[in-house]
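Visitor: Got a structure here, written out as structure tokens. Questions coming.
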Amino acid sequence: RGVREGDATLKKKKQQQKKTLAMLTVSFMRHQVGKFVWAPIILTFTLIILCVNAMIEAIAVSGTQVKSQQIGEAELTVQERREELLHQYRSRPLVFLERYHACLKPQHLSAFADVSSDPRAQHYSKVIQRRAAGCTDRTRVRNQRYAALRALQKEGQYFSEEQMRMREPLLYEQYIGQYLTDEEPGQGTGGLAHLLLNTYQERLIQNRLQEEQEKEDGALEEEEDEDDYVQQKECEPTPEEKALLREEFISQMHQRFLDGKDKDFNYSEVDENPDYDNLDIVNRDAEDKYFDEDDDDDEEEEEEDMTE
């Protein structure tokens, strides 16, 4: 009899354990289902909060006026600007979008999801997206032109001193030409400059230089022109200064090319050419410059150590 009672008790305990396990399983499943349902909502809500915070921060630090103030009133701190902007956004999101759309980027638009069906919101969303697309396109074009510039530098002809002088004779004269002497390369009686002087190409350069100088002189007062002339004659640059002037001239010619100001250059061959759409060139040049500077610094440190 005792054995039978023990078996019955053991059986009852097992049944109770199974029932408890079943209840725990159901509870766990309900909890997991709840998590599954709420997880996307929580994630979306979190992303919107992050988006709003990023948007408020971008406007707060931009310097854009966020509140009318009286004369003599203290400027708002960045934290006060954040609080004011957040209040404006929460109270009137459409007015906020209309007022600050110039400071916003496409990634900020999810902050206006609740009013996205409004025509005003749709209008300003398109304005923001078009502006961002334009910036992206300008960056792409500039990168392509930079790649073309590097290729032309390697080719050696387009950015040679002679070719740059032909394109911008006045700029060349201001930075380099007026300081050249007969003793410098290419300027003696048998040099390149003397040889080119009698050519048709050289006459064209001289005519263009004269025209540009006359235009520039016409925009200045005679007294200022005379003072500049005397100062240029009195202040003959040193060889080091001449080298810096040459570098500045080359830099300006590169910048003119990137800005699309070389009138005789067909930029469509670059801007619409996928072969130049290669950001690796830009990155590689930046890396090379970085490591070259590091090497120069290391060499200078070694020289200082040896000197000590």
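Each Cβ is built from the backbone N, Cα and C atoms, and glycine gets one as well.
Not my notes, these are from TrEMBL:
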- 219-229: compositional bias 'Acidic residues' (COMPBIAS)
- 230-239: compositional bias 'Basic and acidic residues' (COMPBIAS)
- 269-278: compositional bias 'Acidic residues' (COMPBIAS)
- 290-308: compositional bias 'Acidic residues' (COMPBIAS)
- 143-229: domain 'CCD97-like C-terminal' (DOMAIN)
- 232-294: domain 'CCD97-like C-terminal' (DOMAIN)
- 212-239: region 'Disordered' (REGION)
- 260-308: region 'Disordered' (REGION)
- 36-56: transmembrane segment (TRANSMEM)
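Where in this structure would I find these features, and how exposed are they?
Guide: For the compositional bias 'Acidic residues' (269-278), the number of residues in each DSSP class (helix H, G, I; strand E, B; coil) is 6 helix, 0 strand, 4 coil.
Model confidence over the domain 'CCD97-like C-terminal' (143-229) is summarised by a mean pLDDT of 72.
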